[in-house]
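Working notes, beginning with the structure itself.
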Amino acid sequence: SRPVGMDSMEGSDSSTMVWIGLYVWTLLCKYWILVCASMLLVISLQEVVVYRIIYMILFLLFVLTFQFAFTFWRVTMRLFWWLVILYSMLVLIILYTYQFDNVAEAWRNTTKLSDDTLADIGLEHFDTTGLFIRLLTPTCFLILVILQVHYFHQPFMHLSDINRYKKAEMEGPTTPVLPVSPGSHTTVTEGSMDANKKKTVGKRFKACVKRTWIKAGEIWDLITWFLWRLAEIHIFKVVAFIIIMTCVYEVSAVSAVYVILLAVFLPMTGLWFVLSHLALLWTALVILSKMIYQLDLVDNKPWLTNCTGNISQNWPFNETINNAKWVGMDRSEHLGYYLRNYIGILLLIVLERIVVYRQTQYYNTPGVVKPKTGIIFSDIQRKQADEGLIECGKFFLNYFFYKFGLELCFIMTAITICVRVDAYSMLYAVLLGIQLLLSRRCCARVWPVYTIILVILLPLQYLLALGLPVGFCYQYLWDATVWILKEDETMELEQWFYLPDYLSPPNSIKLVADFFQLLFVCLQWRVFRKEMRFKGVELDGGTNEDILPEVEAKQPIPVSDFTTKITSYLDVVKNFVFVYMFWVTLAIVFIAGTSRINLFSMGYVMAVFYFMWFEREFLIKPLRRLLRAWNGLLGLCYFIMLLKAALQLPSCVYIDLISSKACWVVQLLGMTCLRPGYVPKKADTDCVVADDNTGLSLDVVCFVFLLLQRKIYTSHYFRHVVADFEAQNRLASRGCQLINRILMQQVDKQKKEEKQIIYAIKKKMRSLKEKQKNIKKKFVEPEEHFQAIRSGDYYLFDESEDETEVDDEINTITFGQDPVGEEDKALSPIKLMTTAMTSGVNEAVKQSEQDEKDLDRGRSPRPTSPSATTDTPDAAAEPDNQKIVATVTEEKKEGEKGTEEEQKGEGIDKVKTIFSFIVALLVSCADWMTALFNRISRNYRLVAAKMKDDHIRVKLQIQSETGHITATNIEMREPDGEQKGATGASDDLMEVSVQPVKTVDTPMVPVSSKLSLSGIDLDRFEEEEEAFEKKQSCIYRLLVATYFAIVARTEMLCYFLMVLNHILSASLLSLPLPMFAFLWGMLSVPRPTKTFWITVITYTE
């Protein structure tokens, strides 16, 4: 009889192979039709002959039927494939029989066609190799199609049924469904896990692969669901982008039809599918026309024109002109490369239709509800956006354009101005300025007019880039021979006005920016229509109404407070965006101002100095005044972009004249031609202007950040930040007093420790003197070193137990060192490496894991030295020896096969151990650096923690004064028993009262807090963390510790930058800065006063 284990092994292998076979079979049934269609397209794009054009007609018929009538396409598919098979067989027979001389002669006599005409049809003589190559592709294609018809057609018909899942639910499964991986339904229990540990390495590896495959399948299902939904929403935009890219790279009358279709149908978002249908139909006609034009049968003479003697003898009028190129027809030896753009449009539109059919089939599944238009995650609405970082990301994937669409349209217009820098950019800049002056409601009213303007301008500019056919023999009015201008000046003037020209036509690539501008505007128009349709009703994405009336009416803040208590990563992101983006924006504006030297850059720098001078006082102004000031900075940025676009006319056309007459104007305004492809001429004067490589790009970046910051100001979240800043301002003086108090306490503590050490030394000396007197030994001064060594005796080390006082906490060795905290007791990187070298990597990993558990439970970790772990090296190796003995015993029982498998298992365990050790070492380094930074910022965090309750009280009082109380409960910490019991000592008690502003409606609420510093253990403060931070990874804790270390010692960072600036510049202007730092700032204890910083800032400005 056969062993049971062998039977189970074979059964497992058999089920695995069956599963793999079914999986591959399903893939072939689903995708083999794509192989056939691709092969049909490849045959069509080879050397152009009539029978290959017929192949292309069949392919286009297949695609168009799929696009316009999916049901008819499925019904006639088998008939289509048989038609392709019969045609392919006919082609093979004709090509093969034509190689016989008699048959070729019969073709010529019967059809009365010449050899060239028959060659265009595809009938010509080949040698053996050529014939084999010519017949290979049709033969392979014929085989592929036969396989599709006989094996894959019927399963594909089932898979492609729109109501496939609905029928399966109603009638029950009639066909075998693809099984999941073997073992996927096995429930993993503790008993099974224990049994798996006893299995061989091969079986454990197989089980691990199965579990990994199941988990990967679940992840893959989520990813594919997300990608299909994303494609369903945005694939039309990709199609439109590919169409416009084809048009700008191949400027012709054929492409102009695409541009007109885009301009007409983009505003009508509900008719985008009509645009796809028309574009596909036009693409099919273009492909066929271009292929037919390649044949020698087509007479090219009707397309030729000769303008010689009509108007000019200059190029291009002095030669025969082929007007077919203007239409879009040209002959090429590489047909596939020539038609690549149109084939791309064709395939992308087909892919769009595949996405539509697939999603329709998915939504027909019972229990699946189709999401709303443009929504990916239907379960995410505005209220879920504050639950976490993932929910917030899902919300923005759903409603990002709904919330920020207007700003994106403004940004896209600014980008278009930056790209074009011509007359149309001036027009766009004027339209942008008008919209910036209007409110959102007014923008919604004028938006249709704005959309119509862009709809007219896009095809108009494309027609200007196309120009008139050269065959018309018409010379433009702005030609240099008509106007009395220099040739180069005329060309630059034409480029600025975007006028057509035969020699240097306008740059059509610029129209890509116009396309995106029109696309964004059309999408925003849809948002405006939706808001008007549901006016007064809050949509799932929230409201876009202006919050200024709510703020001035002192209505409650409808969003949760994220500044008082951080409970998630989303609160961390909110703090960065709403608190620190102001400084990031000013930094961007300052970089834009200092990167160039001209009048416009000076405006940026002055604006930054103005806002930095007010600091947080600017942010706590009333919202209306704040927005008015920020709109002024935004207007400055817009005004600079407008002037730079307008100055492109004199900078590109009349720069020579202006440079010779008024060089200071050129240098002051930084006048340089920013047109792509512009080649500056050699300067005839000494007027030198630095090249502006950035152009308007930095101005656009400033515009983006300024718009984003304005959006932040008009958010309810920013109201929490304002209240937080006001509370900080009221408690600023108290924080300074607390820091001084802590420093004084540390100084007193150090003095007491010094006195204790001096007292202990004196007491020891008195004890030695008394012992010396009791011995009554005559003292003789040693005359040499040997006598001094031998003069000592054991009485010097005799001490009475009554006189001995043990003081382990403070002595001459430990004084001045930081006490050891919980984080320091853990394995440091050096200790971990030492443990690994002395006791082994396994012991180091185990000890690191144990210390991590001890720290999590709040217990002290085990000693980290090797001696503390094991008394002797033999003792340390004793467990390993026991393992070795047990392993040898098992090896004897299991045999040689078990030995090999055990060695493999040990190898895997060693790799795991080394990997765990590397991870533990990195974590140890991060923890060590975190502890270091926490010691640096200890006093700062202590003050912040002790002022937290008062900060909450003051913030609540400010919100009550302004009517901004939220419904969110803010927890306030109660003082612990240690702090309560320490309030009786007057020396260590400090009371600070904050008097709030009195209002008519709200009674005055005095805020008073008492802080006891005697009961505070400064050395243990770093152990007190928020519950959220304790749960986070070491990387997050390291980032937080780094942040607090920088904030706590910002003055040192400023001193370093002052010195570094002088090192890099080494000038007299930078010399006062390090002098300020060394002779004033560092001599101020504990920190410099506000006068120092104002002096430094003023000098820097």
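Here the Cβ of each residue, glycine as well, is placed from N, Cα and C on the backbone.
DSSP places the residues of the domain 'Piezo TM1-24' (10-158) in helix, strand and coil in these numbers: 130 helix, 0 strand, 19 coil. According to TrEMBL, the domain 'Piezo TM1-24' annotation covers 10-158.
Among the features that TrEMBL reports, transmembrane segment is placed at 49-72 (among others).
The feature transmembrane segment is assigned by TrEMBL to 131-152 (among others). Proximity of distant same-chain residues to the transmembrane segment (131-152), defined by a Cβ-Cβ separation under 8 Å and at least 6 residues beyond the stretch ends, is recorded for 28-29, 32-33, 35-36, 39-40, 42-43, 46, 78, 81-82, 84-85, 88-89, 91-92, 95-96, 99.
According to TrEMBL, the transmembrane segment annotation covers 238-265 (among others).
Marked as transmembrane segment by TrEMBL: 271-293 (among others).
Residues annotated as transmembrane segment in TrEMBL: 410-438 (among others).
The transmembrane segment annotation in TrEMBL covers 450-477 (among others).
Among the features that TrEMBL reports, transmembrane segment is placed at 508-528 (among others).
As annotated by TrEMBL, domain 'Piezo TM25-28' applies to 552-779.
Feature annotation from TrEMBL assigns transmembrane segment to 572-591 (among others).
Sequence-distant contacts of the transmembrane segment (597-614) (same chain, at least 6 residues past either end, Cβ-Cβ under 8 Å): 586, 589-590, 629, 633, 636-637, 640, 643-644, 667-670, 690, 702, 1097, 1101. What TrEMBL lists as transmembrane segment is 597-614 (among others).
Marked as region 'Disordered' by TrEMBL: 842-881.
Here TrEMBL flags 861-876 as compositional bias 'Low complexity'.
According to TrEMBL, the transmembrane segment annotation covers 914-933 (among others).
Here TrEMBL flags 1038-1058 (among others) as transmembrane segment.
The annotation transmembrane segment is assigned in TrEMBL to 1064-1083 (among others).
Sequence-remote contacts of a segment are chain residues at least 6 beyond its ends whose Cβ falls under 8 Å from one of its Cβ atoms, and for the transmembrane segment (450-477) they are 247, 251-253, 255-256, 259-260, 262-264, 266-267, 305, 307, 310-312, 316-317, 321, 323, 326, 424, 427, 431, 435, 498-502, 505-508, 511, 514-515, 517-518, 521-522, 525. At the 8 Å Cβ threshold, with sequence separation of at least 6, the transmembrane segment (271-293) comes into contact with the transmembrane segment (49-72) through 3 or more pairs. Residues of the same chain lying 6 or more positions beyond the ends of the transmembrane segment (508-528) and with a Cβ under 8 Å from any Cβ of it are 237, 240-241, 244-245, 247-249, 251, 259, 262-263, 266-267, 269, 401-402, 405-406, 408-409, 412-413, 415-416, 419-420, 422, 424, 428, 443-444, 447-448, 450-451, 454-455, 457-458, 461-462, 465. Computed over the domain 'Piezo TM25-28' (552-779), the whole-number mean pLDDT of the model equals 86.
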